[in-house]
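Engineer: Can you read through this structure? Questions will come right after.
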Amino acid sequence: MAAVEVLLFVLMLVIIVVSLLSNGVVLICFLYNPQIRKQVPCVFTLNLTFCNLLLTVSNMPLTLVGLVNKAQPGSDTFCQLVGFSETFLTTNSMLSMAALSIDRWIAVVFPLRYHSRIRHRDAALVLGYTWIHSMSFSTAAACLSWVGYRPLYASCTLSDVTDNSQTPFVVFTVVFHSLTFLLSFLVLCVTYLKVLKVARFHCRRIDVITMQTLVLLVDIHPSVRERCLEEQKRRRQRATRKISTFIGTFMVCFAPYVITRIVELFPSVPIDHRWGVVSKCLAYSKAACDPFVYSLLRNQYKKTCGDIINRLLKPSSMNSMFRLMPGVVLLSKG
């Protein structure tokens, strides 16, 4: 293997390990904390977590095998099944992110009417649409024999295996990515930018109240005033940083792969196979980023992880204390 391929192998291995651990922690937090399970967005988060885990254990290792062996892993039927699952899981993941952004938009823009507008039943209906959407495209691709091994990405994915239906395959690919990647990206941009607008409006209101308070408190120490102003600045930056993370990770991870798939439709444009694998790795890396972007960096999940760790460490600390007890008793008797 060349040096670049070794780096890609290591990168893929790191993505698999991080994705397994992080998504596994999200699933454990969901099972441990009943408060997380009561929240409506947990339906989308759980669906996203399962999609990421299934993609990690089913597709990523086979891409790793394809990268090492430079050949199709398994038979044609097996490769078609793997390509079907990748199309379904990736599409479902993108739509789940869009659903989470819509939920956040309603919660921020209509906070008083959120619980009456969004319930578990409504979330289940939206989730049902994501499954129907994902299943329709993946089933159509499988039935039309547009799923197979693609050496450019070293994986089983969408591919015109027969080379007899180039125009229909081009139309299908463009429509598929438009109604999946592009649609999800537009939903993310519209909803999160509206959320950012509301967040900045509330920040300005808080800043006005804070400044009025500082003016009234004429005897306030300069250091306290400086800390208040610094907190205002951090509050404004925090909202922008969160929105940028949601949209930025989506674009950085998925855009190179989708653009490569579109450019690939033009035979006159050469694409290096190493770039194809890199774009595939970036798309896979979203499965490792999602747990941190949508779950693990939130205070509720941090607290749940802390409680789980404390519960795991408590028995061991008690056992060690009991082991020391006989020695303590003997010393006291002596």
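Cβ atoms here come from the backbone N, Cα and C positions, even for glycine.
What you see is a predicted model, and the numbers here were worked out from it, not measured in a lab.
According to TrEMBL, the protein carries these features:
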type	residues	note
TRANSMEM	6-32	transmembrane segment
DOMAIN	22-294	domain 'G-protein coupled receptors family 1 profile'
TRANSMEM	124-149	transmembrane segment
TRANSMEM	169-195	transmembrane segment
TRANSMEM	243-259	transmembrane segment
Engineer: Could you pull out which residues elsewhere in the chain have a CB under 8 Å from any CB of the transmembrane segment (169-195), counting only those six or more residues past its ends?
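Structural biologist: Residues 91, 94-95, 97-98, 101-102, 104-105, 108-109, 133, 137, 140-141, 144, 146, 158, 160, 243, 246-247, 250-251, 254-255, 258, 261-262, 265.
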Engineer: Same chain only, please: residues at least 6 beyond the ends of the transmembrane segment (124-149) with a C-beta under 8 Å from a C-beta of the stretch. Say none if there are none.
Structural biologist: 43-44, 47, 66, 72-73, 76, 79-80, 83-85, 87-89, 91-92, 95-96, 99, 102, 155-162, 165, 168-169, 172, 176, 179-180
